[in-house]
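Chemist: The structure follows.
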There are 4 protein chains.
Amino acid sequence: MTHLPDKPREECGVFGIYSGPPNDLAWLTYLGLFALQHRGQEAAGMCVSDGDKFHVEKDLGLVTQVFDERRLDSVRLPNARVSIGHVRYSTTGSNLRFNAQPLTTRTNKGILGLAHNGNFVNALEVRQEMLMQGALFATTNDSEVMLNLIARESHMDLVEATAGAMKRLRGGYACVLMSRTQLIGFRDPHGVRPLVIGQRDEDGAWVLASEPCALYAVGAKLIRDVQPGELVWFDREGLHSLIVESKQPTPCSFEWIYFARSDSELDGVDAHASRIRMGEQLAREYPVDADIVVPVPDSGIGAAIGYARESGIPFDYGLYKNPYAGRTFIAPTQEARELKVKMKLSPTSAVKGKRVILVDDSIVRGTTSRQIVNLLREAGATEVHFRVSSPPIKHPCFYGIDTAARKELVSSTHSIEEVRAMIGADSLAFISERGLREAVGGSGLCLACFNGEYPAGTPLLNDVDKLALEV
Amino acid sequence: MTHLPDKPREECGVFGIYSGPPNDLAWLTYLGLFALQHRGQEAAGMCVSDGDKFHVEKDLGLVTQVFDERRLDSVRLPNARVSIGHVRYSTTGSNLRFNAQPLTTRTNKGILGLAHNGNFVNALEVRQEMLMQGALFATTNDSEVMLNLIARESHMDLVEATAGAMKRLRGGYACVLMSRTQLIGFRDPHGVRPLVIGQRDEDGAWVLASEPCALYAVGAKLIRDVQPGELVWFDREGLHSLIVESKQPTPCSFEWIYFARSDSELDGVDAHASRIRMGEQLAREYPVDADIVVPVPDSGIGAAIGYARESGIPFDYGLYKNPYAGRTFIAPTQEARELKVKMKLSPTSAVKGKRVILVDDSIVRGTTSRQIVNLLREAGATEVHFRVSSPPIKHPCFYGIDTAARKELVSSTHSIEEVRAMIGADSLAFISERGLREAVGGSGLCLACFNGEYPAGTPLLNDVDKLALEV
Amino acid sequence: MTHLPDKPREECGVFGIYSGPPNDLAWLTYLGLFALQHRGQEAAGMCVSDGDKFHVEKDLGLVTQVFDERRLDSVRLPNARVSIGHVRYSTTGSNLRFNAQPLTTRTNKGILGLAHNGNFVNALEVRQEMLMQGALFATTNDSEVMLNLIARESHMDLVEATAGAMKRLRGGYACVLMSRTQLIGFRDPHGVRPLVIGQRDEDGAWVLASEPCALYAVGAKLIRDVQPGELVWFDREGLHSLIVESKQPTPCSFEWIYFARSDSELDGVDAHASRIRMGEQLAREYPVDADIVVPVPDSGIGAAIGYARESGIPFDYGLYKNPYAGRTFIAPTQEARELKVKMKLSPTSAVKGKRVILVDDSIVRGTTSRQIVNLLREAGATEVHFRVSSPPIKHPCFYGIDTAARKELVSSTHSIEEVRAMIGADSLAFISERGLREAVGGSGLCLACFNGEYPAGTPLLNDVDKLALEV
Amino acid sequence: MTHLPDKPREECGVFGIYSGPPNDLAWLTYLGLFALQHRGQEAAGMCVSDGDKFHVEKDLGLVTQVFDERRLDSVRLPNARVSIGHVRYSTTGSNLRFNAQPLTTRTNKGILGLAHNGNFVNALEVRQEMLMQGALFATTNDSEVMLNLIARESHMDLVEATAGAMKRLRGGYACVLMSRTQLIGFRDPHGVRPLVIGQRDEDGAWVLASEPCALYAVGAKLIRDVQPGELVWFDREGLHSLIVESKQPTPCSFEWIYFARSDSELDGVDAHASRIRMGEQLAREYPVDADIVVPVPDSGIGAAIGYARESGIPFDYGLYKNPYAGRTFIAPTQEARELKVKMKLSPTSAVKGKRVILVDDSIVRGTTSRQIVNLLREAGATEVHFRVSSPPIKHPCFYGIDTAARKELVSSTHSIEEVRAMIGADSLAFISERGLREAVGGSGLCLACFNGEYPAGTPLLNDVDKLALEV
């Protein structure tokens with residue numbers, strides 16, 4: 001990964017394309033996934049069908065590692081019409097390879113491929129019920145529960161059965177699903193996870209993706225977001241839509257704080273512009289007298305520009321980021337984690353003798369933040385004021401973000417002053433929830449990791465116990 | 001593969017071990033699979049459990065390619081109690097990797113692993129029925145039908161459910177199945193495919209394997225064959241047995257003709273000794289005046305020794321076999337297949353100026369045989385008399401052997417005299433069915449590929465059609 | 001590479017360490033090379049000696065690709081005292097692997113390892129002469145000429161022979177050389193290529209590196225630059241120095257324009273600060289009325305900040321850079337090069353409806369610049385004013401920089417107005433040579449690629465002819 | 001390797017081809033090397049030239065591992081005229097990869113490639129002398145001394161200089177050497193190592209190879225052996241010959257005992273036929289009353305057939321050899337070596353209750369022999385009589401064979417009776433030197449490893465000391 005080790009991690013990015021006239025969909029899906037690589041670096045995969053053949057390839061690794069020329073060729077179909085793809089950041093486990101997506105299965109509706117981003121909070125409950133009814137589960141992947149629900153309704157067609165499954169499952173999710181002839185996309189009733197629709201001018205091909213950048217990568221324009229609770233499908237007649245279930249929209253605020261690429265617009269809100277507004281808001285909420293505003297690259301850049309603009313304090317590059325630092329790095333000793341930060345970031349002359357306002361998007365464990373503050377001091381910064389463009393993270397995410405276990409979340413167990421002391425900053429301030437809401441704008445936001453209010457429910461605890469017993 | 005390209009191919013070898021006191025079962029399974037490598041070269045895999053964790057690794061490649069040290073470590077469990085393994089020769093397909101075995105799945109009986117050798121002739125029928133009932137199939141593997149049948153009976157325990165599934169499926173098969181705490185083995189009612197039981201002296205661990213050589217490889221002794229239609233299982237109390245269904249035993253004759261290692265004894269008949277008897281029988285049935293008896297290495301060695309003994313004509317090494325010829329070999333032009341034979345076999349001085357009796361185990365397409373006869377003539381053999389220790393192969397096998405499509409079987413469409421002319425031999429003779437029966441001995445044999453009499457049934461033709469539509 | 005395809009490319013980075021008490025020098029060299037990765041991405045290598053054993057490993061790939069744990073272990077020596085390392089960007093050739101450095105050879109002075117950055121302009125001449133005297137050359141590498149010169153003087157010790165070789169060879173270079181017991185570093189008489197000396201506080205180990213960042217990476221402090229024409233060596237007694245030949249210092253200006261990391265200080269001039277000064281100078285020389293200043297990331301960041309500061313026009317992030325874009329990327333069609341830019345850079349909302357000042361460090365062929373201007377216009381920029389923090393590149397570099405062949409240098413064959421039209425900018429301006437000199441400061445600069453004045457000479461043309469005949 | 005771990009190992013095989021009309025020489029060299037794979041399994045390489053370009057590729061691994069399609073393509077030249085290749089078994093060392101052959105170098109005679117089999121006994125002496133004269137050595141490879149000697153004579157042409165180098169170096173060797181336009185082959189004055197000349201009927205292309213099998217592999221016929229002390233070269237005018245130095249021919253006896261493929265004829269003596277004669281001789285020299293004659297496969301097959309013929313005792317296959325046993329095999333514990341034998345060889349039913357005459361080609365350390373005897377006893381053999389078709393090996397080889405260090409040679413330090421007791425045989429006998437001479441026939445033989453009489457000299461001991469100091 002090129003992300004710093006101590007950031008929340010998106011679990012997935014999804015992509016789908018339905019092409020009227022045949023197209024090299026393996027190649028277009030490759031481009032789309034490449035543009036979504038920031039959403040998951042541990043596995044990548046795709047399915048391609050021409051209405052008859054149905055090819056699938058997936059493996060651990062970056063898109064460019066999984067799909068070398070030989071392997072991309074192996075999924076290519078000259079008359080391809082439908083394709084979906086997936087990039088995954090996966091939590092640890094011994095069977096990582098088997099959990100790579102898209103998940104494919106043969107059902108009474110023919111062969112299906114599913115790629116999903118997010119989590120179903122009642123997946124274990126449903127899974128347990130289906131196991132007792134004689135179902136098999138090849139993986140520990142939530143997606144398989146969705147596919148079993150779809151397959152079970154042998155009297156319904158694929159769209160109906162998918163709508164039925166959406167009603168049975170709760171949580172925050174955005175999925176793409178394909179049969180040999182259809183592309184389907186759907187988003188949870190709260191719209192926690194993002195999904196956008198695009199179309200190519202040159203041939204009218206329809207595209208679904210977690211972020212608009214993947215649309216642009218394949219020459220498509222952004223048409224609109226899939227609505228919360230909406231099910232869309234594409235076939236020879238074009239785009240169809242069904243609102244399965246509609247609730248108060250609460251898209252994930254972290255998409256704007258950190259996850260989404262700065263060239264993305266989601267649910268009508270531009271990521272880069274909102275980050276600048278967060279920085280401006282932060283400058284209004286927590287001003288401080290200093291000489292320069294320095295971002296933690298690359299996550300703090302937008303907010304740092306905003307902070308600098310609002311405060312009038314010059315923006316500068318105080319930290320060089322080694323572009324090769326994301327590569328697998330051998331670290332034989334205990335000092336490994338500390339070394340990783342040091343090999344990735346190093347202070348420039350800009351901070352020497354300066355009072356520095358250091359801007360980042362979030363603090364999770366605080367360990368990396370402490371090292372960065374330390375690097376700046378060693379390089380001669382006389383003061384370091386830490387400003388964070390998200391509120392303190394105190395609660396785990398159940399909708400597809402890997403924040404860290406609750407006890408590792410430094411803000412869950414420590415006051416802001418305690419965190420400040422730990423990271424060694426002269427001052428520390430987080431944007432307020434209200435300030436964040438204003439900076440993002442829009443009608444509603446999921447702020448569960450800050451305030452513990454989970455709009456789409458939480459898992460039953462005894463599901464976790466069952467998991468321990470069963471899997 | 002180190003086999004010549006034109007031989008019947010066993011589709012699989014299976015191995016299982018249940019250990020009272022904990023053992024390094026990953027390592028023992030590795031040794032067992034290594035000894036069974038001749039039964040399948042395209043994929044290898046194993047599952048290991050300690051009663052709690054359940055590790056699985058499988059991939060395309062030879063046992064030693066799939067399991068390098070890192071990967072063997074990844075399935076190792078310090079307190080392992082149960083393990084199964086599989087080597088596979090697989091027919092072509094785009095999803096080869098996903099079809100590697102053991103197949104694992106999560107069911108209401110906990111996680112299960114299944115490895116099988118052979119085929120269920122009514123698998124598609126049963127599969128179609130289950131699809132309509134809402135079942136999912138992750139693979140196109142027959143094994144998954146067996147697992148679905150087992151999972152469906154949620155009211156039965158694992159052994160009962162397995163016995164039920166055996167009754168529902170027909171064909172020629174031998175399987176090993178494991179849960180976290182049990183090892184199960186079963187063999188079809190006709191005993192078409194082999195399965196033997198062994199036990200280690202040093203710790204009493206129970207072992208199942210396709211051939212005894214895998215028992216010896218892990219330090220176990222041969223106890224007995226699993227009986228046709230028998231289901232055996234192993235747990236802390238030891239070996240249990242249930243005869244699920246018993247029919248006239250008809251083990252596959254090709255195990256003795258070619259597949260089984262020459263150090264194997266199956267159903268009480270020693271492979272090497274039976275091959276020598278086949279050669280002796282052949283010499284009695286089809287004597288010829290000649291100077292030397294030359295085996296096609298390695299498949300014709302046993303029968304050539306027998307032929308030489310019975311005829312009194314000296315045995316000699318007329319063909320050198322390049323031990324590296326099994327490796328992947330680039331062949332850029334049309335001449336590829338021909339080159340492969342030439343790079344693998346070359347005549348020694350023994351054949352120069354001699355009348356040669358060339359002995360092989362079988363003729364499938366005849367193309368390789370033609371090239372070998374040609375090589376001998378080029379090297380100065382004055383006559384080449386071809387003797388084959390199996391009857392002409394005229395019918396496909398539906399019980400797990402890849403012979404080739406019927407139309408490719410040269411003896412299916414040509415008389416013996418026509419085949420002789422094609423391969424360019426001075427004379428050609430195949431052992432008689434009766435002669436083969438006598439050479440093998442024992443009570444019954446499956447000779448379906450020679451005479452078209454299928455003891456365990458054949459697939460319904462329209463199943464093949466369904467497959468074309470569905471998968 | 002993570003560099004855009006159309007930038008000048010440094011050919012190498014070098015590193016060396018001499019440790020009094022034994023140290024894990026393989027690991028320290030790995031860290032040092034990792035910090036120098038931006039200076040060469042095609043090959044990496046190192047030698048390590050403990051006074052007795054002499055290990056070497058090198059291969060094509062990034063430092064982290066060449067040195068996985070197994071391979072780093074294979075060069076590790078528990079009592080290591082001397083080590084050198086190299087990262088290489090190499091021009092094309094069939095024997096790339098054999099040209100990786102350090103180059104090692106056995107001579108009458110024992111085994112030697114040499115890693116060099118830069119070029120000897122009379123290497124071919126000297127090589128030809130030595131060939132006629134019976135010398136062998138294993139590679140086409142300039143370094144081997146240096147080693148042959150050193151070996152030839154069998155009556156001199158290693159330091160004397162190296163000084164002699166420096167006198168015989170001309171050009172711009174910085175080298176590290178090691179025997180089993182000594183570390184040597186030397187820099188050409190004009191100091192064209194950089195080389196710095198550092199020392200670790202904790203154990204007094206001496207370090208040589210192309211840039212200070214590699215010193216910091218191993219816990220060393222910057223002591224001083226190696227002087228132009230200086231030869232330094234390290235043994236148990238510490239640092240020794242000899243000025244072999246001293247000329248007017250003319251360090252390469254491109255180190256400050258682009259190559260050096262922004263946290264580097266070379267010959268007393270800080271890279272980041274000088275880039276800001278270049279931007280300020282550019283704003284003074286070529287002001288324009290606009291809404292935002294946008295850098296081409298990452299090469300234009302420093303100058304863009306300077307331009308924004310001096311002009312008062314807001315700095316903003318108008319181009320998102322995909323951090324995974326450096327990975328090997330399959331591009332099956334003619335559109336490949338264009339796609340690479342598009343998959344790497346995409347405009348953010350910041351440029352929409354804005355008059356943009358786009359700042360980059362240089363223009364080589366102009367193709368990438370054209371695409372970036374085009375991307376901005378498509379994203380809604382109303383005007384694009386291109387500002388470049390280097391003068392137009394008109395001449396090839398003979399001192400170790402791969403600019404491109406002269407005919408490919410767009411400014412060599414086109415006027416600024418023609419280039420402006422080609423790249424489609426509303427205006428285009430390059431910093432003046434005088435302005436660049438002032439921004440960098442210091443006593444002298446090599447500006448050969450701008451003005452064709454080569455301080456350290458040029459190759460004889462007929463050497464090129466000989467090369468064509470001989471190699 | 002597929003050889004048992006305890007056999008003498010040939011260090012190399014060489015191949016060369018000169019083609020009048022252009023040919024796909026990379027492919028032909030690949031085929032030739034593949035046929036010579038048994039002579040070296042640790043590295044493979046080739047050079048190809050079309051008179052202008054000169055491509056080289058080499059690496060650790062089998063021919064089929066080093067040359068996948070991509071890599072074979074990378075040396076392919078459409079108008080290739082000359083090519084040489086090499087397979088290597090290499091003694092241990094840290095720089096194995098750099099020591100792979102062919103060795104290439106640039107000299108005053110243009111670029112040269114050299115591949116050699118054997119050793120120069122005075123290489124270190126000559127090397128030391130050249131080092132003092134200022135020469136460089138990139139490798140520790142003997143070949144480089146040869147190349148330096150050739151390069152040094154800048155006033156001579158390539159053939160003259162090579163002849164001069166042959167006179168300066170002593171030992172047992174066979175080499176192929178190429179420039180852009182010539183193919184050269186030469187063999188030491190005693191003809192210790194083999195080299196044969198062939199020609200293709202279809203286009204008259206000339207071929208050189210260590211054994212005739214490589215000629216046949218590329219469609220060439222055996223023309224004749226290169227004579228001891230002969231230098232042959234090929235150019236547009238065809239084959240040229242020069243006898244540089246002629247001594248009493250003493251080709252290596254181990255070529256017939258074990259190394260050469262059984263389809264090879266060297267210096268007029270057929271390998272397979274001579275092995276049968278060795279077995280017959282052994283039966284005459286050391287008869288014993290027994291039930292069957294069993295070869296250790298594959299090395300003992302020829303002699304076992306001969307023994308069986310002469311004695312009238314039936315030949316049988318008492319040991320099954322696992323064809324996959326040559327693959328890299330993980331063995332995590334101390335029992336590794338023992339396991340390797342067990343996983344490779346297993347007794348068949350043929351030995352049960354029998355008095356067995358076990359025939360092998362040689363005994364080196366005796367460890368493997370002991371295990372085989374043990375395997376046979378466990379399988380029920382009532383007596384095991386060991387017969388060896390070579391005399392006891394008591395002395396190291398200095399001409400390119402890796403026998404093992406002298407102290408590891410069991411026959412060097414133990415009497416035959418002691419060895420018999422160690423390996424647990426009922427009787428043990430080795431063929432006599434005289435018997436071996438008669439079985440091979442021909443004018444002379446190198447028997448140095450049996451009797452310590454080294455026809456081509458031995459290394460000076462203090463050269464070994466110098467090596468320790470210098471390399």
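Residue positions begin at 1 at the first shown residue.
Including glycine, each Cβ sits where the backbone N, Cα and C put it.
The model shown is predicted, which means the values in this text are computed figures rather than measured ones.
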Chemist: Among B:S299, B:S415, B:S427, B:S432, which residue does TrEMBL annotate as binding Mg(2+) at the site that also has B:D360, B:D361?
Modeler: B:S299
Chemist: How many Å lie between the Cα of B:C12 (active site, nucleophile) and the Cα of B:C252 ([4Fe-4S] cluster binding site)?
Modeler: 14
Chemist: With a 10 Å radius around each C-beta, find which of these recorded positions (B:C12, B:C252, B:C397, B:C446, B:C449) has the fewest other C-beta atoms nearby.
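Modeler: Relative to the other recorded positions in B:C12, B:C252, B:C397, B:C446, B:C449, B:C397 has the fewest Cβ atoms within 10 Å.
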Chemist: Under a three-state reduction of DSSP output, how is B:D361 (Mg(2+) binding site) classified: helix, strand, or coil?
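Modeler: Once the DSSP labels are grouped into three classes, B:D361 (Mg(2+) binding site) ends up as coil.
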Chemist: Counting across all protein chains shown, how many other Cβ atoms sit within 10 Å of the Cβ of B:D360 (Mg(2+) binding site)?
Modeler: 25
Chemist: Rounded to the nearest Å, what's the C-alpha distance separating B:D361 (Mg(2+) binding site) and B:C446 ([4Fe-4S] cluster binding site)? Just drop the number here, would you?
Modeler: 17
Chemist: Distance between B:C397 ([4Fe-4S] cluster binding site) and B:D360 (Mg(2+) binding site) at the Cα atoms, whole Å?
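Modeler: Spelling it out, the Cα of B:C397 ([4Fe-4S] cluster binding site) and the Cα of B:D360 (Mg(2+) binding site) are 20 Å apart.
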Chemist: Among the binding-site residues B:S299, B:D361, point out the residue whose Cβ has the most other Cβ atoms within 10 Å, with all shown protein chains included in the count.
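Modeler: The most densely surrounded of these binding-site residues is B:D361.
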Chemist: Between B:D360 (Mg(2+) binding site) and B:C446 ([4Fe-4S] cluster binding site), what is the CA-CA distance rounded to a whole number of Å?
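Modeler: Each residue's Cα considered, B:D360 (Mg(2+) binding site) and B:C446 ([4Fe-4S] cluster binding site) end up 20 Å apart.
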Chemist: Measuring Cα to Cα, how many Å separate B:C252 ([4Fe-4S] cluster binding site) from B:S299 (Mg(2+) binding site)?
Modeler: 17
Chemist: Restricting attention to the domain 'Glutamine amidotransferase type-2' (B:12-237), give the mean pLDDT.
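Modeler: A mean pLDDT of 92 is what the predicted model shows over the domain 'Glutamine amidotransferase type-2' (B:12-237).
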Chemist: Would you identify the secondary structure of B:C449 ([4Fe-4S] cluster binding site) according to DSSP, in three states?
Modeler: helix
Chemist: Between B:C446 ([4Fe-4S] cluster binding site) and B:S299 (Mg(2+) binding site), how many Å separate their Cα atoms?
Modeler: 20
Chemist: Fill in the CA-CA distance, B:C449 ([4Fe-4S] cluster binding site) to B:S299 (Mg(2+) binding site), as an integer in Å.
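Modeler: So the Cα of B:S299 (Mg(2+) binding site) lies 18 Å away from that of B:C449 ([4Fe-4S] cluster binding site).
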Chemist: If you run the three-state DSSP split on B:C397 ([4Fe-4S] cluster binding site), which class comes out?
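Modeler: Its secondary structure by DSSP: coil.
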